[in-house]
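Step one of this worksheet: look at the structure below.
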Amino acid sequence: MTYEIDLSEANADRLRDGLAEYVDAARRVGGRIKRGGKAGQNGSSASNDAGLVRKWANENGFGLSGRGRIPSHVVEAYRAAKAESEQKAAKPAPKRRPRAKKS
(Lines of atoms letter the chains of each structure in order from A; the text may use other names.)
(Lines give C-alpha, C1' and ligand atoms only; values in the text may rest on other atoms or scores of the structure.)
Protein backbone atom coordinates (compact mmCIF):
# COMPACT_ATOMS: atom_id res chain seq x y z
CA MET A 1 0.00 0.00 0.00
CA THR A 2 1.21 3.50 -0.73
CA TYR A 3 0.15 6.69 0.99
CA GLU A 4 0.73 10.27 -0.01
CA ILE A 5 0.47 13.51 1.94
CA ASP A 6 1.06 17.08 0.81
CA LEU A 7 3.20 19.02 3.28
CA SER A 8 5.12 22.25 3.20
CA GLU A 9 8.91 21.87 3.31
CA ALA A 10 8.98 22.85 7.00
CA ASN A 11 6.25 20.36 7.96
CA ALA A 12 7.85 17.61 5.86
CA ASP A 13 11.11 18.15 7.78
CA ARG A 14 9.24 18.00 11.10
CA LEU A 15 7.53 14.76 10.08
CA ARG A 16 10.81 13.16 8.95
CA ASP A 17 12.52 14.22 12.18
CA GLY A 18 9.64 12.85 14.27
CA LEU A 19 9.66 9.49 12.46
CA ALA A 20 13.44 9.13 12.15
CA GLU A 21 13.79 7.30 15.49
CA TYR A 22 11.17 4.73 14.46
CA VAL A 23 12.40 4.35 10.91
CA ASP A 24 15.95 3.72 12.15
CA ALA A 25 14.70 0.98 14.49
CA ALA A 26 12.45 -0.64 11.86
CA ARG A 27 13.20 -3.70 9.75
CA ARG A 28 11.85 -4.74 6.38
CA VAL A 29 9.16 -7.44 6.60
CA GLY A 30 7.76 -7.86 3.10
CA GLY A 31 6.99 -6.40 -0.23
CA ARG A 32 9.36 -5.83 -3.05
CA ILE A 33 12.44 -3.71 -3.04
CA LYS A 34 12.01 -0.79 -5.42
CA ARG A 35 14.95 -0.31 -7.70
CA GLY A 36 15.73 2.54 -10.02
CA GLY A 37 15.62 2.24 -13.75
CA LYS A 38 13.20 0.68 -16.13
CA ALA A 39 11.93 -2.87 -15.97
CA GLY A 40 13.75 -5.26 -18.21
CA GLN A 41 17.16 -3.62 -18.00
CA ASN A 42 18.74 -6.91 -17.01
CA GLY A 43 18.84 -7.95 -20.65
CA SER A 44 15.75 -10.07 -20.37
CA SER A 45 13.86 -9.54 -23.56
CA ALA A 46 12.33 -13.00 -23.24
CA SER A 47 9.81 -11.64 -20.76
CA ASN A 48 8.70 -9.16 -23.43
CA ASP A 49 8.44 -12.00 -25.96
CA ALA A 50 6.49 -14.43 -23.77
CA GLY A 51 4.25 -15.40 -26.67
CA LEU A 52 7.26 -16.16 -28.86
CA VAL A 53 8.93 -18.13 -26.07
CA ARG A 54 5.77 -20.20 -25.50
CA LYS A 55 5.37 -20.89 -29.21
CA TRP A 56 9.04 -21.90 -29.54
CA ALA A 57 8.85 -24.04 -26.38
CA ASN A 58 5.77 -25.93 -27.55
CA GLU A 59 7.31 -26.48 -31.01
CA ASN A 60 10.45 -27.85 -29.33
CA GLY A 61 8.82 -30.31 -26.95
CA PHE A 62 8.61 -28.29 -23.72
CA GLY A 63 4.80 -28.42 -23.57
CA LEU A 64 3.97 -25.13 -21.83
CA SER A 65 0.47 -24.00 -20.98
CA GLY A 66 -0.91 -20.84 -22.50
CA ARG A 67 -0.66 -18.94 -19.21
CA GLY A 68 1.54 -18.65 -16.17
CA ARG A 69 5.22 -18.22 -15.48
CA ILE A 70 7.67 -19.60 -18.02
CA PRO A 71 10.31 -21.73 -16.25
CA SER A 72 13.82 -20.29 -16.35
CA HIS A 73 15.29 -23.39 -18.03
CA VAL A 74 12.86 -22.89 -20.92
CA VAL A 75 13.78 -19.20 -21.25
CA GLU A 76 17.49 -20.13 -21.19
CA ALA A 77 16.96 -22.76 -23.90
CA TYR A 78 15.02 -20.23 -26.00
CA ARG A 79 17.79 -17.64 -25.65
CA ALA A 80 20.46 -20.19 -26.56
CA ALA A 81 18.54 -21.31 -29.65
CA LYS A 82 17.87 -17.71 -30.66
CA ALA A 83 21.55 -16.76 -30.23
CA GLU A 84 22.61 -19.80 -32.27
CA SER A 85 20.24 -18.95 -35.12
CA GLU A 86 21.35 -15.29 -35.07
CA GLN A 87 24.97 -16.39 -35.14
CA LYS A 88 24.33 -18.63 -38.16
CA ALA A 89 22.51 -15.81 -39.93
CA ALA A 90 25.38 -13.39 -39.25
CA LYS A 91 28.04 -15.65 -40.81
CA PRO A 92 29.00 -14.42 -44.26
CA ALA A 93 28.67 -16.88 -47.09
CA PRO A 94 31.98 -18.49 -48.02
CA LYS A 95 33.70 -16.81 -50.94
CA ARG A 96 33.80 -18.87 -54.08
CA ARG A 97 36.93 -19.22 -56.04
CA PRO A 98 36.59 -18.48 -59.71
CA ARG A 99 36.80 -21.58 -61.86
CA ALA A 100 39.88 -22.05 -63.90
CA LYS A 101 39.27 -21.60 -67.60
CA LYS A 102 39.91 -24.58 -69.80
CA SER A 103 42.20 -23.89 -72.67
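Backbone N, Cα and C atoms are what each Cβ position is placed from, and that goes for glycine too.
For reference, TrEMBL has these:
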- 2-30: domain 'Lsr2 dimerization' (DOMAIN)
- 46-81: domain 'Lsr2 DNA-binding' (DOMAIN)
- 80-89: compositional bias 'Basic and acidic residues' (COMPBIAS)
- 80-103: region 'Disordered' (REGION)
- 93-103: compositional bias 'Basic residues' (COMPBIAS)
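Note: the domain 'Lsr2 DNA-binding' (46-81) comprises 20 helix, 0 strand, 16 coil (DSSP; helix = H, G, I, strand = E, B). Outside the compositional bias 'Basic and acidic residues' (80-89), and at least 6 residues removed from its termini, the chain residues within Cβ reach (under 8 Å) are 56, 60. The DSSP breakdown of the domain 'Lsr2 dimerization' (2-30) into helical (H, G, I), extended (E, B) and coil residues amounts to 17 helix, 0 strand, 12 coil.
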